[in-house]
Amino acid sequence: MLLLSRFLVTRLGEDWIFLVLLGITMALVSWTMDYASAKSLQAYKWIHGELRGNIPLQYLAWVLYPLMFIIFSSIFCHLVSPQAIGSGIPELKTILRGVVLKEYLTLKAFIAKVIGLTAALGSGMPVGKEGPFVHIASICAAVLSRFMSFFSGVYQNPYCYTDILTVGCAVGVGCCFGTPLGGVLFSIEVTSTYFAVRNYWRGYFAATFSAFIFRVLSVFNKDAVTITALFRTNFRMDFPFDLQELPAFAIIGISCGFLGAFFVYLNRQVVLLMRRPNAMTRFLTNHRLIFPAVVTLIIATLTFPPGFGQFMAGELMPRECINSLFDNFTWTKISGSPPPVGLGLSAAWLHHDVSVFVILLLFFIMKFWMSAVATTMPIPSGAFMPVFILGAAFGRLVGEVMATLFPHGIVFDGILYRIIPGGYAVIGAAALTGAVTHTVSTAVICFELTGQISHILPMMVAVILANMVAQGLQPSLYDSIIQVKKLPYLPELGFGHMSQYNIFVEDIMVRKVNFISSQSTYREVKLLLDSSSLKSIPLVDSKGKTLTVGLILTVGTNEVEYKMRKAKFYFKLCNYCCHIHTIQAWEEAEMDKPMEIDEIRVDPSPFQLVERTSLHKTHTLFSLLGLSHAYVTSIGKLVGVVALKEVGSKICFCCCCFSPKLKLSMINVIWNQDLRSKYNSHSSMSKNLNLLKCTSFLLSVLTMVEKTVHLLYFY
């Protein structure tokens, strides 16, 4: 049977089988989660409708229902796998960077993430699916790769493992909403600094196959008549917008850039507030369920439809909000009049005593801080869908303002064309999500979600402008989480700075390097292992560093310790049998003997740099190859070592174009990592941290002042 399986795998191609299995599995998981959460939300609204007329019971049901799901999600994830909490994309960025994070790609994390995310989505809270689902798909890809390794050994290769996780990220985004094209591009932008083109076809094939199965299952369940877009729109195609509307679209993009940066800032401040060492945080740490319970209670109370929720469309669930915001009606024209036929869910945005503008503004303001706070709860949650809804609401608000300013439409070439507020909503959704995530592929995702590309030009303008503004103010939401969690990740190198070409490895490397030679004794190696936490040790051919070394070899410390234990075992056996020497005397004699290098597994080609390698090239190599450290040689001599920390801190110091707050946060990431120094001399560099922060801040202020003076002089 095993031979037959291997024959089929060889004939059909292990890549195709793996991608098909991954696509089918993730389509089933995604559809099951959507089905369960949709039924939960239907039950939520049914209970609310059945209790109409009894306000106290209605409020009790409206609050307790999501509270039950959120508490269950928090407890389940905490007990099964705490790694399932949060988005998962920041951790995947770190893993794809080459850092090993334990328990993040295990079956326990998969189960906790799927069940916890389904419960969170079924609660109706403003949390998203896309980020956690990328984590779920990556776990599935990792587990399937272990299964495929029984048939093909190529899946045991660490480089192949990285390619597999990249494909998993693409499938996660593509299958989440049935958007394979935008999903692949989004996964590349979010998780990869450098992308291997050889994985392009794998990502597209798996994402397309998975999205197809996902939509077929919806048709099979009669959720849709045929395979179509998830939030299909029906904007006119002959003349969807006028060129005179482009300034309004540009305003949406610039405003979404500022709003996206503020959302990231607010989200980070909430997390930092919860991590601040004080009595409140210690209390919440000891009672983990209080924070999610309080947040859920406040949000549910404010969105209660008979209460304050009637002024912010509180009765609408997330997907209902998107469908209504994308409709073809102009709400300002039908406000105060009998609702037209086919208005449907959009009637929730109309109130007989309150203007549409007030309702949209209240919805945007309240949902803005609710989403920023809700995504910090200790449950599996993403921010893409809440931010998408916020952008749609903001775009709809601008569209309704334009429809009020031009009630009869815009005249072009003697023809009158009316304003389409729904088109503004689509553009706002793409722009705000692009600003928060620092991606432009959100435009492609919007095209696939709506099934129309009528607004391709204004959407691209808005998304690019939003990215320009947001990237100059704050890091992306995922990079911000990396900073808060202090994950080891290399910051991006600024574009166009000559300093990155004038700084070399010799300026930042650590010159005091612990090493061993072929003459090193077991005692010396033991002292070295006991005094540091090195995972690898450079091996030179002589203890004198002035002598020429051949290849810098990396000795696995596990083998060294094994040899030491083996020597001690043979000594005890010999002493037990012969009774010639005492244990202490024989052990001392063995410890002073040279270590047997020939019997230890050695890497003959560790990565090396020369002293005059520029910072730009060093950053490129570290990012491209996922290096954690590299040895520096000069004419074959070992002269130093440079690690991720030195490269990152120097980038933060030299790139003066960063805003002061971003630069200080980047420096904190590098210097406050939980992963401590790989080399003993690294710890001494922390004494200069305050000086580095002050100097970096002053340089940033001077740069900003200089740019302002130049700008004023120019005008």
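Cβ from N, Cα, C; glycine included.
Per TrEMBL, these features apply:
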- 16-38: transmembrane segment (TRANSMEM)
- 59-81: transmembrane segment (TRANSMEM)
- 133-152: transmembrane segment (TRANSMEM)
- 164-188: transmembrane segment (TRANSMEM)
- 200-220: transmembrane segment (TRANSMEM)
- 246-268: transmembrane segment (TRANSMEM)
- 289-308: transmembrane segment (TRANSMEM)
- 349-370: transmembrane segment (TRANSMEM)
- 382-406: transmembrane segment (TRANSMEM)
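Annotation: stretch 382-406 has the most Cβ pairs under 8 Å to the transmembrane segment (246-268), among 59-81, 349-370, 382-406.
Beyond the transmembrane segment (59-81), the same-chain residues lying 6 or more positions past its ends with a Cβ under 8 Å from any Cβ of the stretch are 40, 44, 47-48, 51, 103, 106, 108-109, 111-113, 115-117, 119-120, 122-125, 288-289, 292-293, 296-297, 299-301, 304-307, 377-380. Of the candidate ranges 164-188, 200-220, 289-308, 349-370, 200-220 contributes the most Cβ pairs within a distance under 8 Å of the transmembrane segment (16-38).
If one looks beyond the transmembrane segment (289-308) by at least 6 residues along the same chain, the residues whose Cβ comes under 8 Å of a Cβ in the stretch are 48, 55, 58-59, 62-63, 66-67, 70-71, 74-75, 123, 125-126, 274, 283, 314-315, 366, 370, 373-374, 377-379.
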